[in-house]
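Asker: Have a look at the structure that comes next, please.
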Amino acid sequence: MPAPDQHRQPRRPQGGGPRGGQRSRQKPSDRAKHAEPARFAAYTLLRAVDEGAYANLEFPSILRRHRLDARDAAFATELAFGTLRMQGFYDAVIVQAAGRPTAKIDAGVLDVLRLGAHQLLGMRVPSHAAADQTVGLARTVSGAGASGFVNAVMRRVSERTREEWLELVVPEGGSTAALATEYSHPEWVVSALRGALLGHGRATAETVDGELRALLESDNTPAKVSLVARPGLASVDELVEAGATASETSPLGAVLDHGDPGAVPAIRERRAAVQDEGSQLLAVALATAPVTAEVPARWLDLCAGPGGKSGVLGALALEAGADLVAVEVSEHRAQLVRTTLEPITARAAATGRRVEVRTADGREVGVTEPAAYGRVLVDAPCTGLGALRRRPEARWRRQPGDLAQLGPLQRDLLRSALDAVAPGGLVGYATCSPHPAETTFVVRDVLKKRDDIEVVDARDLFRDASGEVLHDLGDGPEVQLWPHVHGTDAMFFTLLRKKA
Ligand SMILES: C[S@@+](CC[C@H](N)C(=O)[O-])C[C@H]1O[C@@H](n2cnc3c(N)ncnc32)[C@H](O)[C@@H]1O
């Protein structure tokens, strides 16, 4: 049985000195005998992620199973998610402290050590408590045999501050490998983000190092909980009354600084939702872009699951007197779209409009329903490299080969959307990745073979809560948002019009 909570101890002051003064020479036998619940829950998540689980989806049920109160749940979340994000840096530290490569450490013991390293180097938990509880966790999950090894490694990790470890394990010179260790990203992701900053004109050769550091840092900073009020169903004022703060970035948005979003009535009733402000902005951009030709009053969301943008598009479609068709290839995700759209579907029925969710392959819609829609969103499946701050394990799971695999699908979906839109109508192509291979290159390749499409400058459509065009949107015509600049995920958006 896990022991009672022992992490509620005075934290070390920020930026404290070397850990020597607090260093503990305790033997493993003097350490905690068992794991306490919050750390045990964090460990359970790390093991589940190692076996393929998604941290965001898995953790709520782990927290419930361990019956953690709000404070322990917050500690466990910071511990587990912070450890997953910073795992690359901690592994470099553990290799030094253990004197062996991570491949030679049992996977469960390695997770225990990573959690211990995060408490020492990332959370300001006092050294003795971090070491004590980490050894207790090792004893609970791996047996007494591992506790001596864990005790010794924890002691060595605690002998240096975070800054001293950075100096020791980060190669000199600011190379890709150095940034990868310092900011705990795979090297290929560091290279890809550097290329994205340059490729989208966000940085020049002179400024890219600073921009890249700021971007990598933002991936390691937990995103705020952004809410969207679905137009006509909820208002920002209602979210503010429920404890959120009105967003400065999105006219539909609010930010919840603390508390459970599920406790907000509008969210429970699906009149509002948790959604990144960048996603809100691009759905609004597509819905409000001027269309001068006569086009069908039918809008299409071609890659709809789990339904976040459909929720905004559907609500705005009804306000504009249009229907919405949401297409999603996965039955499970299509069901999520149906659920999230329930209040919008009900409102549509009451006003003589239609909201329809189909489980189907979006690549076929252009053939089966040519020129049938007035506005089409392609929120393409992508690597998600622009949303790493929201998915703590994603950076380790993604592989460079994913880009090559997704490329043909992204192009096929965009082609299908361009066929499905009526002359004069609009297609928005979006990704939650800034990688040129899934953004500008996809659009360029598809447009190369068509003469019926023109690119529209989308920047004027990205307006903040006060109605001003968002700052730093670049040279256009497409829009690339950045977490370190706009506080949103790194969403990409191109707006295309089929010639009338
Ligand atoms: C980036 S996600 C969309 C997110 C969604 N728009 C939202 O805001 O909640 C991409 C979605 O496309 C779906 N997808 C992948 N291939 C597809 C295809 N051929 N046709 C339709 N949907 C597809 C994926 O299952 C995934 O749910």
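Just so you know, glycine gets a Cβ as well, placed from its N, Cα and C.
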Asker: Considering the S-adenosyl-L-methionine binding residues Cys303, Ala304, Gly305, Pro306, Gly307, Gly308, Lys309, Asp361, Asp379 given in TrEMBL, which of Glu328, Glu331, Glu342 is annotated for that site as well?
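Answerer: Same S-adenosyl-L-methionine site in TrEMBL: Glu328.
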Asker: Using Cα coordinates, what distance in whole Å links Gly305 (S-adenosyl-L-methionine binding site) and Cys432 (active site, nucleophile)?
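Answerer: A Cα-Cα distance of 14 Å.
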Asker: May I ask for the distance between Cys303 (S-adenosyl-L-methionine binding site) and Cys432 (active site, nucleophile), taken between their Cα atoms and rounded to an integer number of Å?
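Answerer: Cys303 (S-adenosyl-L-methionine binding site) and Cys432 (active site, nucleophile) have their Cα atoms 13 Å apart.
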Asker: To the nearest Å, how far is the Cα of Gly307 (S-adenosyl-L-methionine binding site) from the Cα of Cys432 (active site, nucleophile)?
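Answerer: Gly307 (S-adenosyl-L-methionine binding site) to Cys432 (active site, nucleophile), Cα-Cα distance: 15 Å.
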Asker: Run through the Cβ atoms and count how many others sit within 10 Å of the one on Lys309 (S-adenosyl-L-methionine binding site).
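Answerer: I count 25 other Cβ atoms within 10 Å of it.
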Asker: If one looks at the chain holding Cys432 (active site, nucleophile), which residues at least 6 apart in sequence have a CB under 8 angstroms from its CB?
Answerer: Asp276, Gly278, Ser279, Cys382, Gly384, Gly386, Ala387, Asp489, Ala490, Met491, Phe492
Asker: Mean pLDDT for the domain 'SAM-dependent MTase RsmB/NOP-type' (200-499), rounded to an integer?
Answerer: 97
Asker: Can you tell me whether DSSP puts Lys309 (S-adenosyl-L-methionine binding site) in helix, strand or coil?
Answerer: helix
